Amino acid sequence: MRRLTSYLVRLFATDTLILFGVVSFLLWLVQCLRIFDTVSLKGQGLLTLAQQGLLSMPPLVLTFAFVCIGIGLARAIVALQASRELHIIHTADGFSPLLRSALFVVGVSALVVMLISNFIAPLARQQLDTLNASITADLVSSTLRPGQFSQVTPGVLVLIGERSGNGVISEFFADDRRDPNERRTYIADSATVAESDDGYILELRDGAIQTRTPRGQFSEIRFGRYRLNVDRFNTDLDNGSSLSPVDTIALLQRVASTGMTERIAGELVERFGEGLRVLGLCLLVLALCAFPSGSRTRLNVPMEVFVLFIAFCDLAITSYRPFGPLIGPILGGAVMTLIGFVVLVWRTRLRRIPPVRGEVPT
């Protein structure tokens, strides 16, 4: 790698990493503040709070990582133009060193983002579910006050009777109102919390499960013994069918054994599409500000504003998914990549100096 290219790579990477680190730390603090009341009410300490905030970060990182990379690249190029280094680079070596260094940083960043989306984020989701299950199990088995309603998670109220020395809970009651189409109530004469290979299990004895619908339909199932996974009380109702805790290798193994489904295909497209978003946004940044300009405008809009506007447009397209789950997640990245590539080629051709034919008279 040439010395100029190495210098530009360090410059681009430094600006990107500094911005990414600051934003990550601030969002981690926001996550900790958001779950502070919930964790403190469950009788947990600051270490658990910090761990929960950290494990919930990877999905958030995917929403702002490409923005930080684009803004970091834009700030570095704007600084080069302000110091007239950009003019010197174009005059001496042309656009090639800028393009090589930017593509190197963008390529490494895209690989890191896809590593997070395909492996780190699913692993963090698994660890977060396990941590939440252990917190809920500890809450039910030792922290809950007998005779007092407690909210285990938003929409789930739990009431217990006395707690004996061997860990047996008497008169267990849980009311789950999270599903708008069904209200489910668990009633049992006794309950115990145990840990198994599948996680924490709540074993209910001599009780009933009552369900009610908004139309007034009521049903009751009585049981002598019923085993309930604690994860049901501390995660979303669709968490059992969610693919977010499953890494990409496990998804591909599932495809090899059961075949490809639309849900799995959409999940894989969304995970690999994160790298396309990084590439598309950075190509647009290069096309807009990687060429020196001597023009002076009355309205000097910072380049960061354009990057944020483009990122918001991409997030809007990704959220609404106008062409379905297979095209929607990558539509914004594909459009940015196409526009950035076309504009970059056009501006590069405009900058070419035609060769001089003949001799220059002296």
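The backbone N, Cα and C atoms fix where each Cβ goes, glycine too.
Nobody curates TrEMBL annotations by hand; they come from automatic prediction.
Note that the coordinates shown come from a computational prediction; the quantities given were computed from them, not determined experimentally.
Features of the protein shown, as given by TrEMBL:
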type     : residues : note
TRANSMEM : 12-36    : transmembrane segment
TRANSMEM : 56-78    : transmembrane segment
TRANSMEM : 98-121   : transmembrane segment
TRANSMEM : 276-294  : transmembrane segment
TRANSMEM : 301-320  : transmembrane segment
TRANSMEM : 326-346  : transmembrane segment
The transmembrane segment (98-121) vs the transmembrane segment (301-320): 3 or more CB pairs under 8 Å: no
Stretch in 56-78, 276-294, 326-346 most in contact with the transmembrane segment (301-320), if contact is a CB pair under 8 A: 56-78
Cβ contacts under 8 Å made by the transmembrane segment (56-78) with residues that lie 6+ beyond its boundaries: 8, 11-12, 14-20, 23-24, 27-28, 31, 35, 86, 98, 102, 105-106, 109, 113, 116-117, 120-121, 124-125, 128, 244, 274, 277-278, 281-282, 284-286, 288-290, 303-304, 306-308, 310-311, 315
Residue numbers, six or more beyond the limits of the transmembrane segment (12-36), whose CB comes under 8 Å of its CB atoms: 49-50, 52-54, 56-57, 60-61, 64-65, 68-69, 71-73, 75-76, 79, 101-102, 105, 109
